[in-house]
Amino acid sequence: MAVKTVAVLGAGAMGGGIAQVAAQSGYNVILNDVDIKFVNKAMERIDAFMQKGIEKGKFTPEQKEQVLGRINGTTDMNQFADADLVIEAIIEDLNVKKNAFKELDNICKPETIIATNTSSMSITVLANETQRPAQVVGMHFFNPPPIMRLVEIIRGYYTSDETVAIVADVAKSMRKSTIEVKKDYPGFVVNRLMLVQYLEAIRLVENGVATPEDVDAALKLGLNHPMGQFELQDFAGVDIGYHVLNYLYDEHKEAFWTPPQSLKSLINAGRFGRKTGAGWYDYKK
Ligand SMILES: NC(=O)c1ccc[n+]([C@@H]2O[C@H](COP(=O)([O-])OP(=O)(O)OC[C@H]3O[C@@H](n4cnc5c(N)ncnc54)[C@H](O)[C@@H]3O)[C@@H](O)[C@H]2O)c1
């Protein structure tokens, strides 16, 4: 199947970025959210990103107009009916995602592939909500999608080789590298690796061994990471990492994955990172 139209469900940090990458790669894009204000905000972010690119000589003004012109914003999921590929990027809540998959399955034509950008959750559990489990797959982009080069392609129990091949081709057409996650395994590859380091970073701080600033400096200057774990979590959303950690704990029931108390305190205080003005660090002036 040739993918021409990509529909993105959820116009948040990830959905907006995925819509941008798809439009930049020439796909017709439909971008849906529960409220049109979220879609409009995503369009503003894409506009601002590309405007900066124009100033740096990476895009022409015509390219920006083409990209924005390829994205149709809507709150009506029925417009997904003829999409070839749907990429779900709504909140990391299993019940909300399950309901969305059931609805998508009812709306989309039989050939449509339904991918999820979930950070951790079971592709198979989402596939079970549909009548097309072989066409359900994980397509895990990283934040921010226009910049990060990897897409994890995750097989659910029923995902067909054809589905994996099609979405890998789509990711490559978006100039992304892919890795195949061969099993539906909580947290997949990247987030498992990241959370091990994040947990250890938090433990170092909780045990009074080092400050968050010094742990981040150690990661950047000693291990050559572009960002420290605390900076990264503030950037990506402290709540997102917390959801993923809870999910891994629920799946494995191993004390190792228990969310640390200082992380819970941040969540209770609503300090979700840059998007709320504070997380591990303060951003308010
Ligand atoms: N933020 C990251 O660093 C990151 C990285 C990779 C993957 N992810 C995953 O991507 C997904 C989205 O994360 P995000 O950071 O973009 O979240 P976000 O909170 O920025 O955006 C989620 C959007 O989905 C919308 N939404 C919720 N329910 C909806 C529904 N039923 N229909 C349509 N829209 C709906 C919300 O209104 C919101 O605009 C999550 O599964 C997350 O785990 C996040």
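Each residue, glycine too, has its Cβ placed from N, Cα and C.
Annotations in TrEMBL come from automatic prediction, not curation.
Of the listed candidates (Ser119, Ser173, Ser177), TrEMBL assigns Ser119 to the same NAD(+) site as Gly10, Ala11, Gly12, Ala13, Met14, Gly15, Asp33, Glu92, Lys97, Asn143, Lys275. In this structure the alpha carbons, written CA, of Lys97 (NAD(+) binding site) and His140 (site 'Important for catalytic activity') are 15 Å apart. The secondary structure of Met14 (NAD(+) binding site), as reduced to three states from DSSP, is helical.
Counting every protein chain shown, the number of other Cβ atoms lying within 10 Å of the Cβ of Asn143 (NAD(+) binding site) is 15.
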